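Here is the structure we will look at.
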Amino acid sequence: MVPRNDPEAGRPPLAPRLFSRFSQLSKHSFLSYSSSFEADDERSSTGSLENFGIMSPGRSRSNSGSGSSSFGALPPRYPGDDTRPTSPKELAGWYAYAFAAEVYVICGSFIPILLESLARENGVLLSDRKTPCGSSSDKNGDNGGQCIVYVLGMEINTASFAMYTFSISVLIQALLVVSISCAADHGNYRKKLLLAFGWIGSIAVMLYIFVSKNLYIFGALLAIVSNTSFGASFVLLNSFLPLLVRHHPEIIDKEANIVPNGQDAQDHEDLDGETAMADSTAALLPRGSLEDGNALSRVQTREELTSHELNLSTQVSAKGIGIGYIAGLFLQCVAIFILIQMKNTTWSQRVVLFVIGAWWAIFTVPAAMWLRPRPGPPLPASSRHTGIRAFIAYTFYAWKSLFRTVQLARRLVDIMLFLGGWFLLSDAIATTSSTAILFAKTQLHMEPWALGMINVISTAAGITGAFSWSYISRRLHLQAHQTILACIALFEIIPLYGLLGYLPFVKNWGVFGLQQPWEMYPLAAVYGFVLGGLSGYCRSLYGELIPPGSEAAFYALYAITDKGSSVFGPAIVGAIIDASGEIRPAFWFLAAIVGLPAPLIWCINVERGRSEGEKLAEVIEGFKVTRSPERESDEESRAILDVYDEETDR
């Protein structure tokens, strides 16, 4: 670095080679895409002069409105990178899949209800192992005894049958998510896999129409397939979120207006071709431009841009959650109408699930039409294989990448803090929902239509929460992680309220502490309102911490943490039910698992995590940024990379 007092410091750089840009163009071919890369009618070339630095940011923005979507885009990071600005139609495609698939989560409570009903129809009382069990909605139907069913020669409580089924499904889901993460991050597979899993899951849900009393094991298999497909598809959907935000026109404009010295780019007028060549040797540019080694660095304005991206990501994520909840609320009302009209039989529950699957399949079509594939960098090994060999190569590389991603994540403090908290929090969310539904059905003896009303209230509150938490956080000046902490505090009310039933004086009242069916409804409102905030804020917060270029790989780690933890929660609750014969003791476990994530979330620093992620992105395949010698020699910037290089060289 040249000292400030050196007389050579004020000397301008040598005149650039006037036609070196065009010489560079001769070494590259313009990017072209087949129709499989395009979203409906948006088939504009992504190869532009602006990608090679010929057009200034100001001009590219002015031209973006004239019809070429490539102008104003960020420069490509790898061959085939789709750098077109995010369009309203592409966002609509992303929202469309949330509208299609979120109904599975919201209406999916009918699956454990149906599984418990089918298991109970095949079960016997534990007291004599001969007497058939009655309906769980009948307070006297089981004579107060536990009901068990034989599965593969093992005795299982019918209330825990669904819990074990979902534990198995999330275990398989975690393995599947790892295997497909590489195909999603590399090449043009992200969208294809999303649609494939969407339609596989929807068909599995529709097949419940054929599940009768004697096919309850088949019903459990369908639950595993549908839940696995749903989880895999949402990992792929979530991996689109950072890309949609990164290429959003608002972010591109913010990026173009930022220079390293913090001044607005509009303060420096673009030079025309002849003027620029005539004055190329004159020291007319500010010192910041002369010393700039990286046109995309945001040294003094990183916090502002990070905050803007996080806000936009939160808005898009929350809107997607809200749209999905609206779809679920409508379908819940339809489901309750079907249950009432068909007398609350298992047949009516199967019809409801068929409608849910059909909804999922039909509304996936708009996502297929409008969502762009946004391909990732090509995998070098895949060029040598085709067909099944290519799939094996992708799978092998995916598992190898997982261990590398874990190594990378270990160097990102805020990623590790978030994943640790999310491991516990996601388990609490999934386990609380299924435990509450089974508690209402088996302990409070609520009818299926009444259980449907729980979901309606929860969904309506979720819609309110999805659109209200952003206002609450702005009003109270809360950061993203502080909003998550507020949601956790409200969430803790649910298990603590269930534990009130153990207090002798509350038990003598015969009300409060979940002793009456109506008490489920206000708790459902709390659960929905909390989930509306957690779903959007956790997803967007994590997206801001991910190193650019590895969205699917890190969202696979996110899903493994999410779904992998859900293996333990339902299994532990199932073991508690088998040991105690009732569900209420499980609230002790839920109270602990809801509160434990709070200290980890509190320690997250978004700005620090974003900075570390960008530094680490340099060693992840498919992402390279040219840095100035000054920045390359900076010890702080190289600290993470040096440690990683040492590990990979071993």
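Backbone N, Cα and C atoms are what each Cβ position is placed from, and that goes for glycine too.
Per Swiss-Prot, these features apply:
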type	residues	note
REGION	36-85	region 'Disordered'
COMPBIAS	56-72	compositional bias 'Low complexity'
TRANSMEM	95-115	transmembrane segment
TRANSMEM	160-180	transmembrane segment
TRANSMEM	193-213	transmembrane segment
TRANSMEM	217-237	transmembrane segment
CARBOHYD	Asn311	N-linked glycosylation site
TRANSMEM	320-340	transmembrane segment
CARBOHYD	Asn344	N-linked glycosylation site
TRANSMEM	351-371	transmembrane segment
TRANSMEM	412-432	transmembrane segment
TRANSMEM	449-469	transmembrane segment
TRANSMEM	484-504	transmembrane segment
TRANSMEM	518-538	transmembrane segment
TRANSMEM	557-577	transmembrane segment
TRANSMEM	586-606	transmembrane segment
COMPBIAS	628-639	compositional bias 'Basic and acidic residues'
REGION	628-650	region 'Disordered'
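The two recorded residues, Asn344 (N-linked glycosylation site) and Asn311 (N-linked glycosylation site), have Cα atoms 44 Å apart. The highest tally of CB pairs under 8 A with the transmembrane segment (449-469), across 95-115, 193-213, 412-432, 484-504, 557-577, is held by 95-115. Counted over residue pairs separated by six or more positions, the transmembrane segment (160-180) shares at least 3 Cβ pairs under 8 angstroms with the transmembrane segment (217-237), which defines the two as touching. Segment contact is absent for the transmembrane segment (193-213) and the transmembrane segment (484-504), given fewer than three CB pairs below 8 angstroms at sequence separation of 6 or more. Among residues of the same chain six or more beyond the transmembrane segment (320-340), those with a C-beta under 8 A of the stretch's C-beta atoms are 94-95, 98-103, 105-107, 110, 348-349, 351-352, 355-356, 359, 363, 448-449, 452-453, 455-456, 459-460, 462-463, 466-467, 532, 535-536. Of the candidate ranges 95-115, 217-237, 412-432, 557-577, 586-606, 586-606 contributes the most Cβ pairs within a distance under 8 Å of the transmembrane segment (484-504). Remark: the transmembrane segment (95-115) contacts the transmembrane segment (351-371), by the rule of 3 or more CB pairs under 8 A.
The Cβ of Asn344 (N-linked glycosylation site) has 19 other Cβ atoms within 10 Å, all protein chains considered. Here the transmembrane segment (351-371) has long-range neighbours at 39-40, 89-90, 92-94, 96-97, 99-101, 103-104, 107-108, 110-111, 114, 191, 194-195, 198-199, 201-209, 226, 240, 327, 331, 334-335, 338-339, 342, meaning same-chain residues at least 6 beyond its ends whose C-beta is under 8 angstroms from one of its own. The transmembrane segment (586-606) makes contact with the transmembrane segment (412-432): 3 or more of their CB pairs lie within 8 A, with pairs spaced 6 or more apart in sequence. Nonlocal intrachain contacts for the transmembrane segment (217-237), taken as residues 6+ away from its ends with a CB within less than 8 angstroms of a stretch CB, comprise 94, 97-98, 101, 104-105, 108, 111, 114-115, 118, 151, 161-162, 165-166, 168-170, 172-173, 176-177, 180-181, 184, 190-191, 193-194, 197-198, 200-201, 204-205, 207-208, 211, 357, 552, 555-556, 558-559, 562-563.
Away from its own ends, the transmembrane segment (412-432) comes close to residues 166, 170, 488, 491, 494-495, 527, 531, 534, 538, 541-542, 545-547, 554, 557-558, 561-566, 568-570, 572-573, 589-590, 593-594, 596-598, 600-601, 603-606, 608-609, 612-613, 616, 640 of its chain (Cβ-Cβ under 8 Å, at least six residues beyond either end). Around the Cβ of Asn311 (N-linked glycosylation site), 17 further Cβ atoms fall within 10 Å across all displayed protein chains.
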